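**Student:** Features from Swiss-Prot:
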| type | residues | note |
| --- | --- | --- |
| ACT_SITE | Asp248 | active site, proton acceptor |
| ACT_SITE | Lys270 | active site, proton donor |
| BINDING | Asp22, Val23, Leu43, Ala44 | NAD(+) binding site |
| BINDING | Pro225, Gly301, Gly302, Asp303, Ile306, Thr331, Ala332, Met382, Gly411 | S-adenosyl-L-methionine binding site |
| MOD_RES | Ser128 | phosphoserine |
| REGION | 1-204 | region 'Precorrin-2 dehydrogenase /sirohydrochlorin ferrochelatase' |
| REGION | 216-457 | region 'Uroporphyrinogen-III C-methyltransferase' |
Amino acid sequence: MDHLPIFCQLRDRDCLIVGGGDVAERKARLLLDAGARLTVNALAFIPQFTAWADAGMLTLVEGPFDESLLDTCWLAIAATDDDALNQRVSEAAEARRIFCNVVDAPKAASFIMPSIIDRSPLMVAVSSGGTSPVLARLLREKLESLLPLHLGQVAKYAGQLRGRVKQQFATMGERRRFWEKLFVNDRLAQSLANNDQKAITETTEQLINEPLDHRGEVVLVGAGPGDAGLLTLKGLQQIQQADVVVYDRLVSDDIMNLVRRDADRVFVGKRAGYHCVPQEEINQILLREAQKGKRVVRLKGGDPFIFGRGGEELETLCNAGIPFSVVPGITAASGCSAYSGIPLTHRDYAQSVRLITGHLKTGGELDWENLAAEKQTLVFYMGLNQAATIQQKLIEYGMPGEMPVAIVENGTAVTQRVIDGTLTQLGELAQQMNSPSLIIIGRVVGLRDKLNWFSNH
């Protein structure tokens, strides 16, 4: 280990920054956040330093480097664009046994600055030992996505509860299970963020007083249309916290690779006209796992409330008294159209968009007359097998045969394939495509040649 990671208490302690530019400003923000009594020494200062000085937040010393400013310091940072001057600052600090950071010169520094994730009082520091700051930043960004924004407030609140929790729960195991429940409780985190004292008290009392083997909960999470990068931040956090993940075939392998490693995975994939697992059985799986006290994520492709039968699953849980929540996802219409260069609405071509299921069951006739109207975009989910019928009905009710259409297969994935043509060709085009596919019909499809960015990548 080349560097010892430590967290310094700098509140009301003298610190010095030599330099008055943008880099020095970034370092100054960190020291001010830590409560340091800060002096900045430079020949000139960018406006932000002047504003801080006018607000009484720091002291500016304009002029050449003054070594005597180090005499009362606990910590120093050399942040100029003059390597020789930075070296002088480092040597002067070393002579006084003061830790000194030298920007972009780790070998000349007695300490280095890590990438920081601030969820105070929870702090996470990531460092590559100065060898690869970009790598450290990338790792920080990944960790940022895993830590809820309000986690720090929950941590502070947990400190206030420690005494009561120790009295309430006799064993270490019971206390650990309580804290695990508290730290993943979204309602408590949101209540703390909003300073909603009534909700904070109610949620806390519920968590403390309910039996530790109490029923679990189910979180309905939209996985998005395929590209793992389109999974929402909250969706990622939920699958990282799950005990059980119940997922369907539209959830990509890349997204499943993000699931917590020791979580149980239950595949309930479905295909049009054939259900690998009946919907009622899926409902019962969710109910059964939650009743065991587990945190269950029902992971669905796209958005769970758009042709995802999410409402049916939640009704079952609601009737059984199982707590649940919903994390929306990017629906296939949004993802596939964006990755195909097809805007769903456009000032000149479409003032509305309709999302329609292509499962045209007997006795469930669609309002074809309204669907055939101009100035709108139609998006058919699961419509591949009914493409010929869709073509026939729309033309029958007055839609022009030359209306542009597109079919998007495996939308947003690296294997995405798009084929376009006119409405008179729709049935024929569909025979060239495989599921999962989305059908887009409307004048906006004509913009694809100009706006198609994804195929160029």
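A Cβ is built for glycine as well, from the same backbone N, Cα and C atoms used for every other residue.
Show me how these features fit into the structure around them.
**Tutor:** DSSP classifies Asp248 (active site, proton acceptor) as coil under the three-state reduction.
DSSP assigns Val23 (NAD(+) binding site) to a helix. Within 10 Å of the C-beta of Val23 (NAD(+) binding site) there are 16 other C-beta atoms, taking all protein chains into account.
Secondary structure at Gly302 (S-adenosyl-L-methionine binding site), taken from DSSP and collapsed to helix, strand or coil, is strand. Gly302 (S-adenosyl-L-methionine binding site) is surrounded by 29 other CB atoms, counting those within 10 A of its CB over all protein chains shown.
When secondary structure is read from DSSP and collapsed to three states, Ser128 (phosphoserine) falls in the coil class. Just so you know, the Cβ of Ser128 (phosphoserine) picks up 16 other Cβ atoms within 10 Å once every protein chain is counted.
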**Student:** Judged by the number of other CB atoms within 10 angstroms, which among Pro225, Gly411 is the least packed of the binding-site residues?
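**Tutor:** Counting other Cβ atoms within 10 Å of each of the binding-site residues Pro225, Gly411 gives the minimum at Gly411.
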**Student:** Out of Asp22, Asp248, which of the recorded positions has the smallest number of neighbouring Cβ atoms within 10 Å?
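**Tutor:** Sparsest of the recorded positions Asp22, Asp248 by Cβ contacts within 10 Å: Asp22.
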**Student:** What is the separation, in Å, between the Cα atoms of Ser128 (phosphoserine) and Leu43 (NAD(+) binding site)?
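**Tutor:** Computed Cα spacing between Ser128 (phosphoserine) and Leu43 (NAD(+) binding site) is 32 Å.
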**Student:** With a 10 Å radius around each C-beta, find which of these binding-site residues (Ala44, Ile306, Ala332) has the fewest other C-beta atoms nearby.
**Tutor:** Ala44
**Student:** If the S-adenosyl-L-methionine site is taken as the center of the Cβ atoms of Pro225, Gly301, Gly302, Asp303, Ile306, Thr331, Ala332, Met382, Gly411, which further residues of that chain fall within 8 Å of it by their Cβ?
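**Tutor:** Here the nearby residues are Gly224, Leu250, Phe307, Gly308, Gly329, Ile330, Ala333, Gly335, Cys336, Tyr381, Leu438.
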**Student:** Going by C-alpha positions, which of the recorded positions (Asp248, Ile306, Ala332) is nearest Ala44 (NAD(+) binding site)?
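**Tutor:** So, of the listed recorded positions, the one sitting closest to Ala44 (NAD(+) binding site) is Ala332.
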